[in-house]
Amino acid sequence: MHVSDSRKKIPALPEKARALIASLTLSESDYHAIELQLEAAFRAGLSATGPPQCVPMLCSHVTRLPGRAAPSGGGGGGGGGGGGGHGQSPGPGDYLALDLGGTNYRVLLPPEIVENVYSVPGELMRGRGIDLFDFLAATIADFMAEHGAAHLAENPAAPLRLGFTFSFPCEQRGLASARLLGWTKGYSAEGVVGNDVCQLLQARSGRPLRSPGQRHRGHPGSLRSGGPCLHDRPHRWHRHNAAYVERVAAVDKYSTELPAGESRVVINTEWGNFGADGCLERFRTDLDRQLDAASINPGRQTFEKLVSGMYLGELVRLAIQQLVSDGVLFDGRMPEALRQPMSFHTKYLSELVRPLDMMTVRCLCEAVSTRSAYLVATGISCLLKRIGSPDDVTVGIDGS
């Protein structure tokens, strides 16, 4: 990876602006050091010994992906049917898919991908967990009534086939069992952390649910939808994470949980929390620390706060605020529209092109965006080296 363009000459800006932008610009040796630390975090997360790690390396229990031939030893290929990650995929139109991962929530009916998008009210995101799951259950009934999917619920005693993408850190105990480790993205619904979200959904639905393949943390599902050879899928928007295919022999702490004869398994890294142990401290700026302190989860999701679209705009706003306070921008007067936290949206990073003061803001945007992009690339590079087969890898990247 070459990062010479990220160290290009900063335009003729006020000295305080130049110094701030320089602090947001990392060197190639910095990125190399971060990559080595991330690899060490991967190894520690997969180890069966030692305390819990900031990069937990969670087992998805998915041992086969569509479109991949099974290698010798039995792993890697196959479909996405029922338990164990083996078997036949469900037929078209005979299951629902739920996708909860932010302020919007989707219910879908494959294969045509008929979908409804629901806005999750703030009082449900931060209220009682049972109310949140009551809402999810109600949307399932609403969707089936609206789209003529009553055939899925003709017999209330029969299991409803349903796939659940729950994009929050979970310890997955099987293809249809996942314990929530902690909320992110503005959620704090009580009574959910530490509990099995699949069981909660089933309890509030009032009927048995059956997985058509598996419950995904988000990124293992991306591996499946991406087609052959897809090993990694960072998600750069409200959340940031990556999943990849690992050798079972390298997964010490899950060795007793995986089926005999399988050689590969999808690992959900949860690398957004990389750096929560302080290993990235020398690469962070005072602005990064200020953003972290004001977040809903101080001291957590350190890497995510350096790269996720949820935070990049706010980082630029804090930089603008500092330069205004220093008298460098806007004649020392902070625009009213930028006084509120999270009011500088990430999309502005690519839209600000005006001269004068805007040149400084534009350079700030470029520095924040470039650092984010190179940090993501550093993580992908680390995974590619870990996989050890760069000629047979497709990297899928998605934002929503």
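Backbone N, Cα and C atoms are what each Cβ position is placed from, and that goes for glycine too.
TrEMBL entries are annotated by machine, without manual review.
Annotated features in TrEMBL:
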DOMAIN    18-204  domain 'Hexokinase N-terminal'
REGION    69-93  region 'Disordered'
COMPBIAS  72-90  compositional bias 'Gly residues'
REGION    207-231  region 'Disordered'
DOMAIN    240-352  domain 'Hexokinase C-terminal'
DOMAIN    356-400  domain 'Hexokinase C-terminal'
Next on the checklist: Can you give me the average pLDDT across the domain 'Hexokinase C-terminal' (240-352), rounded to a whole number?
Outcome noted: 86
Next on the checklist: Give me the DSSP three-state residue breakdown of the domain 'Hexokinase C-terminal' (356-400), ordered helix, strand, coil.
Outcome noted: 34 helix, 3 strand, 8 coil
Item to check | Number of helical, extended and coil residues in the domain 'Hexokinase C-terminal' (240-352), per DSSP | outcome: 55 helix, 10 strand, 48 coil
